[in-house]
Ligand code: NAD
């Protein structure tokens, strides 16, 4: 049996800095757990534009399609702000998502106890928080036709179209139910069935799919109420399934419940490949952070936790994913903090590399 394959696209800004720590973690799994990956590296975003004049070379796209999972750092930066829209660094990421048909975006919002004071909500509302938002990523109002700005009489009109097929709703719903089965077996579907036909269809299809998952308790909520409930009593949720637009907003809202951008991982999954593994791209939620690039200040945790998601969702290594998440939690509980996780008078922050050292030490201690 050959090793599972990973394509690393570190990208721009702090992307390569945080990815260097992930590489050390991958090395640890090979040395200490006999879990070896065939790792290849390539360029994406501004780095790819500098080398090839495009934010994603066709060869890189082909490699991404061929591997078991892609791990991405971050793209973008001020240097590329004035580029034509078609070659902006973000286009590389969008092309990966589109051509790999990554329809289910998984955004966990987990509050580590040691960081509960960083949440904008009261500690008791967020401590122990562990929710998963599944956002449909490849359809809905960001893609629907007709779209554009048109002349209508003596004024212009801006049009976007919310459009969902039953199949699109269903495949995302199945991904969400499968996740719920591995968690607390509760799924809340969010739409606006009160005012949108696409919401009515959404509710019908999700209800139909639920018949295949009798163990999962399904509830429905209007997305505006969902936003309110997320900041009122977020722990009532386990898995939330929602569309592209609502998911965009609700997942950012949920992210802030947990404190720092430097802690937030994500996964985008597509259909199963021949080997049964889903097409998959794992990346931290944060961007390239040009304000701290090159200073070894970035928190590598979001990228490391994205690799933990890869262990769980691509490589069926749930126990090893738990081990890595526990190592990050232990380091935080011990008070080891990068600058983004510090408040005034908190002492001296550790560097990106020192955070990596501490997580590796916690992994060693877990053996
Ligand atoms: P950002 O996420 O890069 O940074 C926002 C703030 O959070 C900054 O102050 C930054 O220093 C801090 N931060 C982010 N990640 C951190 C980490 N790991 N450790 C410590 N601090 C961290 O968002 P932005 O400033 O709006 O965007 C910067 C660039 O990144 C832009 O070019 C934007 O287009 C791009 N971007 C890329 C992605 C992506 O690659 N998926 C996502 C968002 C933004």
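From the backbone N, Cα and C atoms, a Cβ is placed for every residue, glycine too.
Here TrEMBL has 97, 135, 224 binding substrate, and the candidate from 107, 147, 203 in that same listed site is 107. Secondary structure from DSSP puts residue 107 (substrate binding site) in a beta strand. Ranked by Cα separation from residue 135 (substrate binding site), the recorded positions 142, 192, 248 are led by 248. Listed in sequence order, the binding-site residues among 77, 81, 135, 289 whose CB lies under 6 angstroms from an atom of ligand 1 come out as 77, 289. Residue 192 (site 'Important for catalysis') has its Cα within 10 Å of the Cα of these binding-site residues: 224, taken from 85, 89, 224, 289, 297. Across the fold, the C-alpha of residue 142 (site 'Important for catalysis') and the C-alpha of residue 252 (Mg(2+) binding site) stand 17 Å from each other.
DSSP assigns residue 135 (substrate binding site) to a strand. Within 10 Å of the Cα of residue 252 (Mg(2+) binding site), the following binding-site residues from the list 97, 107, 224, 297 place their own Cα: 107.
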